[in-house]
Amino acid sequence: MNILAIDTSTDVLGIGLVSDEKVIGEYITNIKRNHSTRVLPAIEYLLKDCGIQTKDINKIVVAEGPGSYTGLRIGVTIGKTLAWTLKIPLVGVSSLKVMAASGRYFDGYISPIIDARRGNIYTGLYKFENGEIIEVLEDQHISTEDWVLKLNAMEKPILVLGSDVPQHKEIFTVRLNEFACFAPITDNIPRPGELALLGRQLVEENIHSFVPNYTRLAEAEAKWREQNRR
Amino acid sequence: MNDLYILGIETSCDETAVAIIKNGTEIISNVVASQIESHKRFGGVVPEIASRHHVEQMTIVLEEAMNESKLTFQDLSAIAVTAGPGLVGALLIGVEAAKSLSFAHSLPLVPVHHIAGHIYANRLVKEMQFPLLALVVSGGHTELIYMKEHGHFEVIGETRDDAAGEAYDKVARTLNLPYPGGPHIDRLAQEGEATIDLPRAWLEEGSYDFSFSGLKSAVINTVHNAEQRGETIKPEALAASFQASVVDVLVEKTIRAAKQYNVKQVLLAGGVAANQGLRVRLEQAIGTLDNVDLIIPPLKLCTDNAAMIAAAGSIFYEKGIRADLSLNANPGLDLEAFSR
Ligand SMILES: [Zn+2]
């Protein structure tokens, strides 16, 4: 059983390959460069290096969002097209859940964050129970101010994760005081191997109707609904 | 010789389209999913919404086109895809899907310029004869293109401001007509007389370039001035006068270029090719020239579709044009640079 995992939801480009009980390959970069020119070459490179042919892939797991709209569409389109044409199952996993997985041994809650500009973040709240990751608060788009208010009410240590932590670190430190915990920079990078594992047991999606979880309406759509509310 | 089967993908604006063409001229399947109903609400195409719809439609349209063709990926010779110009987020969906298919089945990948596609829609109707002249008119383009042979494009005239289709949409909005306005103006124009004096931008002597922003402003001013005087303008007359002004310039410049370049064919391409006023006038004018053939594809091949991309892709494939898996969407792709 070979699982190909694709994560393009943030600046991190992650491709993972899990074969049975072994992570056999991971390709990760964390640079601000166009995903569209680099994802398929990265997949080709990793498969070739690991000696896996496209026909040997049994399942595709894609990070479904939230995150960069364009980034998500690139990963999801590649995942959908490959799964459809290779006639293999496709599953989606929350991009935030993949990040939270790096906090496996943390005793408390885990809040993975992705910067969403203008003081906003994409985030959710997770915890580990008997080695299983559990969603405590669902993935959402929220202002960092409002989010720390919610977290404060939990009265438990909270591990804030993700490569966008530096720009939001101060507000978490100030508002959560001793409850705010931060990880070393290596744990701020979502691991495509984790993505593959999280998707391994999931039931396959309908490939045609599978879309990214943007967590937000397109701006024009939101305005239109506002104006046409009865 | 083996038959050439090219699968084409087009997502540059608000149509998700996939087609398969045999030997560059025969349509095997041609599927288009239009988003027009979704964008109507906004009075124009919203890029973010277009991109979202393309993700929803891509594999559905691919499946329909493959099923209709009764072919398998092993039967295909290559994947062709619109690489630009267009909306970058929309183009990306087609490009990523095309690269995924090329990678999964080890098929050559052929990038196609959207306008080259519009021109090659004509080859699905009749074999091209060179030299030829193509008049490309759509929501985003107004261009006169000279071709001395397959795959060679020389832009001899283009718009300096608005595309003709853009001017149609803006004038339609002034007349409170629903989006997309082009067909409504065309219909109104058939019912009215061109009695209102509107400008025609000929530009410098000998220029094949176009300009429609002055005409657009003149229409808006005419309506505005009439309103201030408490008069009403018959929309039919205004539509007819506007259309006459656009068509005069398009036809006159096309005929002049056809003569100067001594072409054998004139091709009409792009969404505005559906315009009755333009079709009729161009037919009449070309009829006065000796040995010049006018080709206008059926409506379905004038608006954005993937059959035209696969048709152009067939020529580029045979010329050895290839892209690798790093192909990117290029919203400002240049036609001449592309074909060099
Ligand atoms: Zn077009």
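Each residue's number is its place along the chain shown, starting with 1.
Every residue gets a Cβ built from N, Cα and C, even glycine.
Every protein chain shown contributes to the tally, and the Cβ of B:D304 (Fe cation binding site) ends up with 27 other Cβ atoms within 10 Å. Feature annotation from TrEMBL assigns Fe cation binding site to B:H114, B:H118, B:D304.
For the recorded site, B:V136 (substrate binding site), the DSSP three-state label reads strand. For B:V136 (substrate binding site), the same-chain residues 6+ apart in sequence whose C-beta sits under 8 angstroms from its C-beta are B:I115, B:H118, B:I119, B:T142, B:E143, B:L144, B:I145, B:A269, B:G270. As annotated by TrEMBL, substrate binding site applies to B:V136, B:V137, B:S138, B:G139, B:G140, B:D169, B:G182, B:D186, B:N275.
TrEMBL lists B:26-310 with the feature domain 'Gcp-like'.
The Cβ neighbour count for B:G140 (substrate binding site), using a 10 Å radius and every protein chain shown, is 20. For B:H114 (Fe cation binding site) paired with B:G182 (substrate binding site), the C-alpha to C-alpha distance reads 21 Å. Excluding the listed site residues B:H114, B:H118, B:D304, the same chain places B:E10, B:S12, B:T82, B:I115, B:G117, B:S138, B:G270, B:N305, B:M308, B:I309 with Cβ atoms within 8 Å of the centre of the Fe cation site Cβ atoms.
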